[in-house]
Amino acid sequence: MVRPFVKMHGCGNDYIYFDCLREPLPNPEALSVRLSERHFGIGGDGIVLICPSHTADARMRMFNLDGSEGKMCGNAIRCVGKYLYESGAVPREEMSIETLSGIRRLHLATAGGEVSSVRVDMGRAELAAAHIPVDAAGFGVEPCEPVIGRPLQVGGREFAVTCVSMGNPHCVVFLEEDVDALDLARLGPLFEFHPLFPDRINTEFCNPLPGGEFKMRVWERGSGETLACGTGACASAVAACLTGRAEWGHDIKIRLRGGELTIHCTDEAVYMTGGATTVFKGEVEL
Ligand SMILES: N[C@H](CCC[C@H](N)C(=O)O)C(=O)O
């Protein structure tokens with residue numbers, strides 16, 4: 001069976017998108033592993049299925065490159081909005097997308113029938129505890145207190161971590177040393193598979209920059225280092241506010257390897273604004 005796809009990225013976080021509005025896609029877990037392979041497949045950080053929804057304009061399902069399903073994906077949801085608008089499936093600049101973490105609302109900035117950027121209401125950030133199961137090893141017992149700037153031993157070194165859920169789990173680490181100098185290939189998996197996080201974790205390593213901006217690298221659960229993580233940028237901005245490194249109610253610029261995102265955190269919701277790019281379209285034998 002030959003199936004059309006669209007390759008898109010948000011800040012370099014690239015996925016292979018399948019329009020499943022009229023036809024489901026079988027076995028997406030295995031497909032994500034096969035097609036994400038950058039030499040023997042199409043290449044990407046995973047795949048995204050754009051599906052029908054009874055509660056929103058469409059439903060987004062995303063799979064990391066290891067086949068695990070993510071509960072929310074910030075960079076992908078902007079690309080889903082772009083696809084739906086430009087394909088005519090949802091010819092409106094305001095739309096809603098159903099995800100495993102609830103419905104997210106999008107506002108698209110368009111010109112000449114094309115989407116240039118998308119603002120997403122990412123919902124409320126939840127403080128660690130309720131959404132990131134922590135074991136009872138003294139790191140926070142049920143009901144867990146929030147994990148804000150707590151010491152955590154990882155790979156023989158102590159880090160101060162802040163855990164935030166954006167519908168998916170994040171562990172944010174602020175460092176003075178340049179995050180570009182970190183050996184993420186060694187450090188990333190030590191966080192991802194740390195016993196404290198039985199569901200695994202996405203980990204963001206951030207440098208505060210002059211002007212209230214932040215430089216961020218990310219090791220994603222299920223995909224390894226990616227050039228950007230939308231939910232991770234949101235989690236980092238929230239963690240910055242929680243630890244006094246940024247102010248609630250102000251735009252926070254997050255500089256990622258693949259681009260930049262603007263995050264605006266309030267008590268009620270976190271807003272993320274950024275681009276979405278179509279790279280190429282193709283067909284693949286499934
Ligand atoms: N790896 C994440 C899903 C993708 C999130 C990221 N690519 C984003 O843009 O938010 C997880 O398993 O929770």
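Every residue, even glycine, has its Cβ placed from backbone N, Cα and C.
As the structure is a computational prediction, the values presented were derived from the model and not from experiment.
Now, the feature entries from TrEMBL:
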BINDING   N13, N64, G74, N75, N168, N202, E220, R221, G230, T231  substrate binding site
ACT_SITE  C73  active site
ACT_SITE  C73  active site, proton donor
ACT_SITE  C229  active site, proton acceptor
Which has the fewest other CB atoms in a 10 Å radius around its CB: C73, C229, the listed active-site residues?
C73
Relative to the Cβ of E220 (substrate binding site), which residues of the same chain, six or more apart in sequence, are found under 8 Å away?
D45, N64, N202, T226, C229, G232
Could you list the residues of the same chain, at least six apart in sequence, whose Cβ is under 8 A from the Cβ of N168 (substrate binding site)?
G70, K71, M72, C73, S101, N202, R221, T231
Can you give the largest Cα to Cα distance in Å, as a whole number, for the residues N13, N64, G74, N75, N168, N202, E220, R221, G230, T231 that bind substrate in the record?
16
Looking only at DSSP and grouping its letters into three states, which state does N168 (substrate binding site) belong to?
coil
When DSSP states are folded down to helix, strand and coil, where does N13 (substrate binding site) land?
strand
Residues within 8 Å of the N13, N64, G74, N75, N168, N202, E220, R221, G230, T231 Cβ centre (excluding the substrate site residues themselves):
G70, M72, C73, V218, S223, T226, C229, G232
Check each residue in the chain of N13 (substrate binding site) that is at least six apart in sequence and keep those whose C-beta is under 8 Å from its C-beta; list them in sequence order.
D45, N75, A76, T226, L227, A228, C229, G230, G258
Which residues does G74 (substrate binding site) neighbour through Cβ under 8 Å, counting only same-chain ones at least six apart?
G10, V120, M122, M166, C229, G230, T231, G232, A233, C234, L261, M272, G274
